[in-house]
Amino acid sequence: MGDQALSFLKDFLAGGIAAAVSKTAVAPIERVKLLLQVQHASKQISAEKQYKGIIDCVVRIPKEQGFLSFWRGNLANVIRYFPTQALNFAFKDKYKQIFLGGVDRHKQFWRYFAGNLASGGAAGATSLCFVYPLDFARTRLAADVGKGSSQREFNGLGDCLTKIFKSDGLKGLYQGFSVSVQGIIIYRAAYFGVYDTAKGMLPDPKNVHIIVSWMIAQSVTAVAGLVSYPFDTVRRRMMMQSGRKGADIMYTGTLDCWRKIAKDEGANAFFKGAWSNVLRGMGGAFVLVLYDEIKKYV
């Protein structure tokens, strides 16, 4: 096996392991965030039963759906996240070779920074093309608030993908894809670009203390998450449209979704669940740091 192929596989393995561990750890926060984002577009949650905020959601979920329901959709998330994060990291390094070949980070800072932004954004958009149906299914499973199997909209990952495909075809599994690409480019560009640039400007980038790495990563994930959050809210709302017919369809398209959320719910609605997203971002920061640590041993 060539050195390049071995390096690619190491990136894939290290990124995937780090992602699976961290996403399982923050799964309850992830579900709370998703419910707050999409409850307004859910057929299962009437206006009077909507969650009032993070604490209300955390208290009611175990009472109404059982404690283990905090991890509803987590299996789909791990399955989805393994290739997503692994491909992101692996492609990121390939794109860095394209955008940053021959660039001196000390003498050409802005070109180095722009190259990191481009490689991070391109990596995120590329991997999204492959795994979007899994991301869609994870969202719909997490948004399913039925207690028993008889009250659930879907009985699992396979059931979700099958039902939506039969109802809407492949298009249904890619609902909200365009706004997802916009959001993922913004998020990944900051996530990878700023992180790599900050680490690259340190005296010894390959031997950075784990606490310093974590602090840099934490700042990056928090900022990137908040900047791209409105795009995430719109794409989740669009995902909730699949499988609906006639009067049940809330939004005719992405632009209509942006417009209706702003008009009917106000600008704050774009940031519902954003605080839980910041907490969840700790998991994202942990992924970056864990990835660097795993690569030292793989």
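Glycine too: its Cβ is placed from the backbone N, Cα and C atoms.
For the ranges 19-24, 193-198, 217-222, 235-240, the feature annotated in Swiss-Prot as motif 'Nucleotide carrier signature motif' maps to 235-240. Considering LYS147, LYS171, the record held by Swiss-Prot lists LYS147, annotated as N6-succinyllysine. When the topology recorded in Swiss-Prot is consulted, VAL103 and GLY273 turn out to be separated by the membrane. For ARG80 (ADP binding site), the same-chain residues lying six or more positions away in sequence with a CB closer than 8 A to its CB are VAL131, LEU134, ASP135, ALA137, ARG138. Mapped onto three states, the DSSP output places ARG235 (ADP binding site) in helix. Within the chain, the transmembrane segment (179-199) has long-range Cβ neighbours (under 8 A, six or more residues past its boundaries) at 88, 92, 96, 105, 112-113, 116-125, 128, 132, 135, 205, 208, 213, 216-217, 220-221, 223-225, 227-228, 231-232, 234-235, 238, 254, 284, 288. Checked against LYS272 (N6-succinyllysine) by C-alpha proximity, the recorded positions LYS52, LYS92, LYS147, ARG235, LYS245 yield LYS52 as the nearest. The Cβ of LYS245 has fewer other Cβ atoms within 10 Å than any other of the recorded positions LYS92, LYS147, ARG235, LYS245, LYS272. Across the structure, LYS52 (N6,N6,N6-trimethyllysine) and LYS147 (N6-succinyllysine) are spaced 20 Å apart at their Cα atoms.
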